[in-house]
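Peer 1: Starting off with a structure, shown below.
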Amino acid sequence: MFDTKDCFDVAVIGAGMAGIVAARDLSAKGHTVVLLEARNRVGGRTYMKKAFDGKIDLEMGGTYVHWTQPHVWHELQRHNISVLPGLDGDKFHWLADDKVHSGTRSDYEKAVRPLLDRFFADARARFPLPFEASIVDNSDIEKQSLEDRLSSLNLSTYERDLLDGVFSGVVHSYKEQGLAQLLQSVAIYFGDYFAFLETAGFWHIQGGTKILIDAILAESTADLRLSTPVSSVSDNGSHVTVTTISEEKIHARSVIIALPLNTIGDLKITPDVAPPVRAMIEQKNPVMASKIWIRVKGEIEPFTFLAPIGKSPINAVKAESWYEGDTLLVAMCSEAAAIRIDDCDAMEAALRRVLPDIEVVSTAGHCWVTDEFSKGGWMMHRPGNLLGAAPQMRQPHGRILFAGGDIAAMDTGSIEGAMESGASAARDIARALASGKY
Ligand SMILES: Cc1cc2nc3c(=O)[nH]c(=O)nc-3n(C[C@H](O)[C@H](O)[C@H](O)COP(=O)(O)OP(=O)(O)OC[C@H]3O[C@@H](n4cnc5c(N)ncnc54)[C@H](O)[C@@H]3O)c2cc1C
């Protein structure tokens, strides 16, 4: 038996954006909180790391945010942090029907917008209140994949490739990813895919995600324990025991599990979660993509290159900034396995399809797919999970609550979703602690 004075009010497992917000909010209310993080750093899938001879800090994971995202914007304002745009080039290249097409942004938008309008025609009707995703009966589209919607549009090869390319920055597999999440994400941003893309790919945090994470942690009195992977969580009805891989036992009145969906399966949870939730944990987040920084020689004219999945190893590439006389590109690679992060030759060959004289100087990135504490990229739900298992997972499971961008009710798979989910779990627990339920 343990001494009740050693029992925390809340144990938060995982110090990504969801976990640190939850730990900060609960400790600010006077609760005793322990924050357990497997890695030797906080931030999870947001990670600023030194690159290119250690001279520059680059975002390896989640980066782009927007003032239309309420939780993100609240945190940024609270800490007096601003956002900055990347390079805004007007030159677009798109691979479609085995040919590279080039033009201005307006040429590209003119070509792709009518197709996006057809793809997202029902987005707002399906999600009129995106924060209440089930207010309309969406059971039919919930079962469909992105591939189902693409096939239903009877597109020519050129049109299919155009849509495939414009989605490739967020998609890994059209067959494995559900339609509902993309429709909901676009419905949040007025049914306009380009508005959604602006939130997901243009404005970054001034000083980087690390600045924001440090500011949030500075407000927290939680007991942060790094390099502490958790192996099991057991709720006996009167308290919860969290066991670390080094067999240390930590006791708490309640727990928030704020882990990537793809690592929750490594945790033994007692009593087990409901069967649909267990099924979603086992099916996993399908996104096995990567983000690679490419330093190319000289200050080149900013450009964007979009290519369908499987037809190029780099799919959504754009010039992000100039650096020491060179240009830094960000490449989203839908299939991480298609190109190694350090393979400069392969990167150069892929880019030369568009810009024949381009020279790759070096590359940088982090492999989220092989990282044991993420095991995948950003969350895109499989068919059947956004409106089924995910809401179920957001309900309290005894004294255990789940949080994280992967199961967020809105802006799933983003920093905004992670923050909202962490704040929401913290509110639920604070209420339960105040009422004596926990
Ligand atoms: C390459 C990439 C690019 C992205 N780009 C964007 C973007 O531009 N904008 C955007 O909004 N979002 C983006 N995202 C998504 C965004 O980063 C995530 O949705 C968000 O960071 C998730 O936060 P989280 O706290 O839910 O999970 P995580 O950040 O994954 O945090 C979970 C934490 O749990 C820890 N952990 C795992 N297992 C254990 C264990 N057993 N015990 C203890 N701790 C454990 C992990 O180490 C991690 O710190 C991107 C993601 C990736 C991978």
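All positions are counted from 1 along the displayed chain.
Note: Cβ is positioned from N, Cα and C throughout, glycine not excepted.
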Peer 1: If TrEMBL gives Glu37, Ala38 as binding FAD, which of Val186, Val230, Val233, Val240 does it give for that site as well?
Peer 2: Val230
Peer 1: Among Glu37, Ala38, Val230, which the record lists as binding FAD, how far apart in Å are the two most distant Cα atoms?
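Peer 2: The span, Cα to Cα at its widest, is 8 Å.
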Peer 1: Helix, strand or coil at Val230 (FAD binding site), per DSSP?
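Peer 2: It is in a strand.
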Peer 1: Using a 10 Å cut-off on Cβ-Cβ distances across all protein chains shown, tell me which of the binding-site residues (Ala38, Val230) has the largest neighbour count.
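Peer 2: Its Cβ has the most other Cβ atoms within 10 Å: Val230.
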Peer 1: Identify all same-chain residues not among Glu37, Ala38, Val230 whose C-beta atom falls within 8 angstroms of the centroid of the FAD site's C-beta atoms; report them in sequence order.
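Peer 2: Surrounding the site, in chain order, are Ile13, Gly14, Ala15, Leu36, Arg39, Arg225, Ser227, Thr228, Pro229, Thr244, Phe373.
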Peer 1: Which ones in the same chain are close to Glu37 (FAD binding site), with CB under 8 Å and 6+ residues apart in sequence?
Peer 2: Gly14, Ala15, Gly19, Leu224, Arg225, Leu226, Ser227, Thr228
